[in-house]
Amino acid sequence: MRTLTKETCQILKFNQKNALLFEVLYRLLTGPLYLFLLNKGLKWSLKMAGYSYLTAGNIGYFFLKPGTIVMILVIGIIGILFLALETGCLLTLFQGAAYFRKLSVGEIFLGGLSKLSDEIKKKNWRLGLLILADYGISNLYLIYRVLTHVKPLNFVMSELMKQNAGRLAVCAAVVLVILVVVPGLYTFYTCMIEQKSFRDGYRRSRRLIKGHLANTVFLLGGYYAGLIVLLHVIYIFCILVAAVGMSLFTDNRLALAILPAVGDRIELVLIFLASMALALGNFAALSVQYYQYSNRLSREPRWDFSYPSRKSFRGRILGAGVAVAAALSLFFLFNLVRNGSAITDDILTEIQITAHRGSSKSAPENTMAAMELAVENLADFVEIDVQETADGVVVLGHDSTLKRVAGVNRTIGSYTLEDLQDLDVGKWFSKEFEGERIPTLAEIMEFCKGRVKMNIEIKNLGKDSPLPDKVVELISDFQMKEQCVITSTRLSYLSRVKELDPDIRTGYIISAAYGDYYSDDDVDFISIRSSFVSGKLVEAAHEKGKAIHAWTVNNKSEMERMKMLGVDNIITDYPVLAREIVYRERATETLFEYLRLVLK
């Protein structure tokens, strides 16, 4: 056991720079690419299923839809190919190390590509399933932690684990997979290196592990447990550093609202890093065992892993490959962040927070200042109202006249944009905002893109108003379909939006909960007064694949009620308080109480 551990460390150190460089580049390239494809697949399957959102109420039906099954198969096959390619690359890396060769990143990749190509030609499709099962078992805890951040799977998983039958079923499934995976741990080597068929390779793997099962499981399990402990230690340290920094530079309430969200992001980053460490450590250990057990089975001398000191090769091709991989990774990451994603926006987020007319309790409503504060307060959405000037420009404004915000009893539609810019809409709020002007929708979109999503309410200006068409055109011009939703009290406006662009999500604003309005195909979510929200309404909407946005939720008890009912979005004048309620545990009232909860 001690010898195997020592040799595993030796094989890891032999080409550690190129090993780490390859793994980081591979994950940075395939990770964002896979998320990009998953986002497209999820949007397509939701559309095919006739749902606007994936919720706890419709997830069961969603997975039974033909389009969803096709999407899962396609995305699953792509995922298996990515994992099989990584497996081939890591086998190439440690195969080279076993023969005292320090392979470059390019050589590692080409070797893995060749191995994958050979397996496809041999039609060893069962090897792909075994690779998937092996990654699933070796990353079981990390997968569990990721699922706790993915809605509505986190809800389904929580409900499943509450039931004895559910826990028993999960345990039985895990044990069954382990019983299949463990005897076949060296099948990757026997198929990809020895070029055997899957059946022959699996049989040889069983012969190799015979008599070494306890040592193998103990070694891999110990490495896995040690890494998980280290992961928790680093996580706690990062949370403490973040908490200290926030307590020094922000007030306690804002820190308490932000810290849980920051903690979630820290955990996801650490999981990403831990999965890379697991892959390298797992295949390093398996490689040592494979060569030693093979020699022992064939009665040959023990493999020598005591390496001489050599310098690794770095060339222009490696530099070019690194640059290309980094550029592609940045492109996919930029696309996900800048243009929005169904994965990050709807699945990795709990209840979303919308700042009503911007942060309208801290700055004049529907102004650039209110939008800037909403971003500072970490709102997920800003809700704005839009109207049209006399010369056809779309601008922000809520009331039918400007009397309340500018002191003039005239409509926005009676002014040209040039004349409208002469009005001060900040002085009524406070002297601090004197000189604030009415912004155009284009100006607000330019500011919000990549910073915060937008809920654009189109005011009812009559059935023949061109306003819906102009808003859709602006969303298209700014390429913000993933970052904008359109709402209105006029259903015909939403129908026109869907005719112009079916991919833009629309919300029907209602004041009372009467009628089967959530069955309309032109409506993706319901924006409703919070006092009319009930568990029955949320359940009915979710079963139809519709979301619930509750407005305007300004007191703590009502926020707690919305959280308990499981609404999808809280529209509020107090985004910091809402985030605090949504993310923190009920019992934590201070930052230090939250830290005590995390450290338990």
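Glycine residues also receive a Cβ, built from the backbone N, Cα and C atoms like all the rest.
Not measured: the values here are computed from a predicted model.
As annotated by TrEMBL, transmembrane segment applies to 20-37 (among others).
Among the features that TrEMBL reports, transmembrane segment is placed at 69-94 (among others). For the transmembrane segment (69-94), the residues of the chain that approach it from at least six positions outside its boundaries are 11, 15, 18-19, 22, 26, 30, 34, 37-38, 41-42, 44-45, 63, 103, 107-109, 111-116, 119, 127-129, 131-132, 135, 188-189, 192-193, 279-280, 283-284, 287, judged by C-beta separation under 8 angstroms.
The feature transmembrane segment is assigned by TrEMBL to 127-147 (among others).
Per TrEMBL, the feature transmembrane segment maps to 167-192 (among others). Nonlocal intrachain contacts for the transmembrane segment (167-192), taken as residues 6+ away from its ends with a CB within less than 8 angstroms of a stretch CB, comprise 87-88, 91, 115, 118-119, 122, 124, 127, 130-131, 133-134, 136-137, 140, 160-161, 198, 200-202, 204-206, 208-209, 213, 216-217, 286-287, 289-290, 293.
Marked as transmembrane segment by TrEMBL: 213-246 (among others).
Long-range contacts of the transmembrane segment (266-292) within the same chain, counting only residues at least 6 positions beyond its ends with a Cβ under 8 Å from a Cβ of the stretch, are 4, 7-8, 11-12, 19-20, 23-24, 27, 31, 86-87, 90-91, 93-95, 97-98, 138-139, 142, 145-146, 149, 185-186, 188-189, 208, 212, 216, 219-220, 223-224, 227-228, 231, 234-235, 238-239, 242, 302-303, 305, 348. TrEMBL lists 266-292 (among others) with the feature transmembrane segment.
The annotation transmembrane segment is assigned in TrEMBL to 313-334 (among others).
The feature domain 'GP-PDE' is assigned by TrEMBL to 351-582.
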